[in-house]
Amino acid sequence: MQRLQDLKETFFGLEVVQQQLLISSAVAIGGILAYWVFRSKEAKTIPIGHGWWGKGKKPLSEDDQIHTFTITTSDEEIKDLHARLDLTRYTDPLEDSHFNFGFNSTYLKRVVSHWRNVYDWKKQVAALNQYPHFKTKIEGLDVHFIRVCPPSRENQKVVPLMLVHGWPGSFYEFYKIIPLLTQNHDGVAFEVICPSIPGYGYSEAPQKKGFDSVAAARIFLTLMERLGFSQFYLHGGDWGSAITTNMAQMKPDCVKGLHLTMFFPRRNFKMSLSLVIGRYLPFLVGFTREDVRRIYPYFQKNVWQMLEETGYMHIQATKPDTAGCAVNNSPVGLAAYILEKFSSWTDMKYRDLSDGGLERMFTLDDLLTNVMIYWTTSSMTSSMRFYKENFGNLINRLDFKTGVFVPTGLAAFPNELMHNPKVWAQTKYRNIYSYTFMPRGGHFPAFEEPQLLADDIVQFVKKVGKI
Ligand SMILES: *[C@@H]1O[C@H](CO)[C@@H](O)[C@H](O)[C@H]1NC(C)=O
């Protein structure tokens, strides 16, 4: 009898365990369900927020007029530059080091001799002024931009398009692509708006901490609104890609399409797994043959090369003001710092050429004009700070966790710093209309291959707009 009682208690005990199990399962399933519901309701936008970046306290009202702006120079400015160029001290490069230790200073002397004796800044300023420049105050900062309308024509649809540059570039990167975009493409032509990121070139630098890509995005949205555009397309690479992505996340209704040349996925476990499997069974993880060609050998192309090439990023993301002192005070130091990127980011193999291959893709005049935009505005340090502001808060950034739902066009150039297959891009860009393996070109496609880039933007916009 006693045994029976024991058994009963055991069974009863089991029942309790069963019940507890049931409850915990219900809680777990409920949790998973809630997670899925939460996931499917994942924010599709990021808050627009607000900011003010001028000196001191925010005034009660601010001038919101748009003012025309003309780039100017003077004999003193050029005399000062020449004096500094003449005072430069060079360190001879190591034998056969080419561009592997950084800018070859023997070749640098040739660049500087061109700068000092042939390059004509006054002529370049006139060329810069060929497009109409403007400035307008937003969030306490004078924001510079150019705005180029297409020649008027009957039966032509004019599509507004903003182009955003990155570091160490400028609005000047787009000078060769602008005429290609404002020209008529079977009834479509772009009206191009091309701003300078605050702290870069002719846009005023923030005076307060915290100015990141989200803040820049909000300012550029305000700019488009002020210009009277309620719907427009965006294009960007480098920081321009981060900024335009943020713009699409803030006001998806205004952004008809987003076209990027550099894009970052949201890293997840599936991605790491696909990296391991993809080399052997690419079809299983959605890689194309071209993806495989561009990704592998992964360690050499991505991990090792990243370590070799991103020292600048670490400095700028930690102590920009210290290194900024040097490059902002020596035009030759500034040129070496900027132009080294125009060598290796065009093609990593150029590191093995004694002249960095710089003149294969660009003219010295074009390269030096981009340097002069930083030099004459004294903006290198403030441009470098953008790294610290963006990398300072990597874990908590909402924009990193939020998808992008506007129609997106991705142009994957073969010499871009890192290749991201479409399946990876889809982890963040949820509405990819076009993904193009570009036949040639690197990190500065508008500067290197304006025609290829223009063609890709045109086909993307026609696809999205059904024109
Ligand atoms: C540096 O460039 C010059 C001119 O292009 C070249 O003659 C020289 O061999 C190069 N030096 C190194 C160390 O690569």
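Note: Cβ is positioned from N, Cα and C throughout, glycine not excepted.
Look at TrEMBL and you will find 21-38 tagged as transmembrane segment.
According to TrEMBL, the domain 'Epoxide hydrolase N-terminal' annotation covers 66-174.
The Cβ neighbour count for Asp238 (active site, nucleophile), using a 10 Å radius over every protein chain in view, is 22. In the three-state DSSP classification, Asp238 (active site, nucleophile) falls within coil. For Asp238, the entry in TrEMBL reads active site, nucleophile.
Under the heading active site, proton donor, TrEMBL lists Tyr387. The Cβ of Tyr387 (active site, proton donor) has 20 other Cβ atoms within 10 Å, all protein chains considered. Secondary structure from DSSP puts Tyr387 (active site, proton donor) in a helix.
Per TrEMBL, the feature active site, proton acceptor maps to His443. Applying an 8 A CB threshold to same-chain residues 6+ apart, the list for His443 (active site, proton acceptor) reads Gly237, Asp238, Met262, Lys341, Trp345, Thr346, Phe413, Asn415, Glu416, Leu417.
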Taking DSSP H, G, I as helix and E, B as strand, the domain 'Epoxide hydrolase N-terminal' (66-174) contains 37 helix, 28 strand, 44 coil
His443 (active site, proton acceptor) falls, by DSSP collapsed to helix, strand or coil, into coil
